[in-house]
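Take a look at the structure below.
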Amino acid sequence: MNVVEGNGAKIPAIGLGTWELRGRACARIVEQALRLGYRHIDTAQIYENEREVGEGLRASGIKRDDVFVTTKVWTSHFKPKDLERSAKESLARLRLTDVDLLLLHWPNPQVPLADTLGALARVKQAGLARHIGVSNFTVALIEEAVAACPEPLTCDQVEYHPYLDQARVMEACARHGLALVAYSPIAKGRIRNDRALARIGDRYRKTAAQICLRWLVQQNVSAIPRTSRLERLQENINVFDFELSGEDMREISAMGSASGRLTDSGFAPKWD
Ligand code: 1BO
């Protein structure tokens, strides 16, 4: 299996993102993904689907230890007295005794970061999470988190695709041995209509989405495309039988800009 390493963790290079998947449809696609060969499922408290992710996992018949499961603590549970309880609630919904990776979902300036990271490290030490990390952290926050966390951090999970330049975050991750995990890796579906990527795809007999995912994998990034469609599940994981040339890699990287973000972070806590 192709994996991306982050401070001791081996994260499968392609996973299934479950943001905005709910109910039966979520359980079914998780089950189908695992049956197709996916070994990495990403959920979060705020997605309100941890229960269904656990159902899909059990229905697939794949052994728990063969699947890399990530969940994320929402910002309203960042006070040390809340964090462990909230992690245990996630495990109860998933019906698991631990997760492979537990992330702080979004920076929360209202709680001192060192306090939250101390609590996150204790959750790991208690055996509830095999690895811990962060999500949506900027370069400055990665530096602060690495210095403050009593346990090694495994990754920063951020929005990343060809339209969004994340070079500085990638450099910060590499400096500290963190993996970068990309959410919205096909830019909420926009990549599927990208003419430049489709043109590159013609040369490799691959779709624009596969070119995009391959571009991420070749940068040693783990990508978690979301889909609720079986044919797209198949398409998204079929990216390990070809290699993009250096020239194509550079052409795709040149498409990105600092203003390419698509995620509305309006609901996340505000900095003063
Ligand atoms: C609110 C969800 C952003 C990606 O996890």
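Each residue, glycine too, has its Cβ placed from N, Cα and C.
What TrEMBL says about a protein is an automatic prediction, not a curated fact.
Neighbours of Y47 (active site, proton donor), defined as other CB atoms within 10 A of its CB across all chains, total 21. The feature active site, proton donor is assigned by TrEMBL to Y47.
What TrEMBL lists as substrate binding site is H105. A coil conformation is recorded for H105 (substrate binding site) in the three-state DSSP classification, outside any helix or strand. Residues near H105 (substrate binding site) in space but far in sequence (CB under 8 A, at least 6 apart, same chain), listed by position: A44, Q45, I46, K72, V73, W74, T75, S135, N136.
If you look up TrEMBL, you'll see 14-254 marked as domain 'NADP-dependent oxidoreductase'.
The annotation site 'Lowers pKa of active site Tyr' is assigned in TrEMBL to K72. K72 (site 'Lowers pKa of active site Tyr') falls within a strand segment according to DSSP.
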